[in-house]
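Over in TrEMBL, the protein carries these features:
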- Cys28, Cys32, Cys35: [4Fe-4S] cluster binding site (BINDING)
- 14-233: domain 'Radical SAM core' (DOMAIN)
Amino acid sequence: MTDHTDTVTHDGQTGAPLWLLAELTYRCPLQCSYCSNPLDFAAVEEELDTAEWIDALTQARAMGAVQLGFSGGEPLVRRDLETLVAEARRLGFYSNLITSGLGLDESRIEALREAGLDHIQISLQASDPEVAAAVAGSRKAHGKKLAMARAVKAAGYPMVLNVVLHRHNIDRIDQIIALCDELGADAVELANCQLYGWAHLNRAGLLPSAAQLEAAEATTARWRERLAERGRDMRLLFVVPDYYADRPKACMGGWGSIFMTVAPDGAVLPCHSARMLPMRFPTVRERPLHEIWYQSEAFNRYRGDAWMSEPCRSCDERHRDVGGCRCQAYLLTGDPAATDPVCDLSPDHHLVEAARREAEDDTRSARELTPRNVHESRVFCRT
Ligand code: SF4
Ligand code: FES
């Protein structure tokens, strides 16, 4: 099938995609309410098969992609993960597995290592099982994650942990960092949850207050000092939520600039959240990746600065932040071409300020969050 809607051809200036995120599946044993997967993920039923994934990886590598992330959903539910990792190694990718750790065991870690996987990043929800269970919908997951973090390290990988921070766990950041220290982590990403997909649905229940954020940053800074005094090499990266910045991030380094996602059904996206935008993204089943990257209307829509409206159009900073994030602009204003409201020059910045004010209300419980799940997702498939 050919998409006849494209009119833009390669401008000769667009560089190659350097990063490929392979979202192997939307299936996942957990139900994290901060998940960035699309609300209607249940509508995606026919995942690419092994041969289709290998073809997509081969095409991306031929275009110049060097970094490959396997994610999901939970990529470990794909029984062909080891085959895909081996192919990635043969093609010359640097490969990273982004996982909850569920579905992993010592023998699978060994099989992935033998297949040539370069890096594993495990996510933790909290320092204690109760909060982890309230946010991820599983009582058993926490203990399993800790065991797998240790097993990954024992297999010779650096232990890289990702902790998604939100208003229900950020006050326990001291205990979270202590747990990572005790586990022997080499690097910890303390990433305040970005508000896309299910996380956006749960925004009011997830966004921390300014006071919570300030205290968490101060605690992280104290931990950095203490670790340095002990000569302990555990890198702590603290990622502030967009809603507390006054300038937006240059999302994905710019739309269709260096980053490409292939979704479970083969849809090719400039970022993991873009499929909810009011536009159509071609799939690898329809067209070659090269053509999608360089020639599709979807990838060319927000390249460069011609699409920008005021205040970005005449702003001196437009090449630094490329007007921010298209998905955030859409989620907050309904217009994907709007200036990202995170920017305090945006006429819609009051929306972000209202969300910050809302976050000052401290009466919400983690139990009120809507878990990411197939049943709820089917509701969004129909709307
Ligand atoms: Fe960036 Fe646009 Fe804000 Fe200028 S107005 S700082 S280009 S988002
Ligand atoms: Fe889609 Fe920023 S997450 S452009």
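In case you wondered, yes, glycine gets a Cβ from its N, Cα and C as well.
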Message: I'd like to know which of these binding-site residues, Cys28, Cys35, is least surrounded, judged by other CB atoms within 10 A.
response: Cys28
Message: Quick check: with Cys28, Cys32, Cys35 left out, which same-chain residues have Cβ atoms within 8 Å of the centroid of the [4Fe-4S] cluster site Cβ atoms?
response: Leu30, Gln31, Tyr34, Asn37, Gly73, Glu74, Ser100, Ala136, Trp198, Arg372
Task: Under 8 Å Cβ to Cβ from Cys32 ([4Fe-4S] cluster binding site), same chain, six or more residues apart: give me those in sequence order, or none if nothing qualifies.
output: Gln125, Val135, Ala136, Gly137, Val164, Trp198, Pro371, Arg372
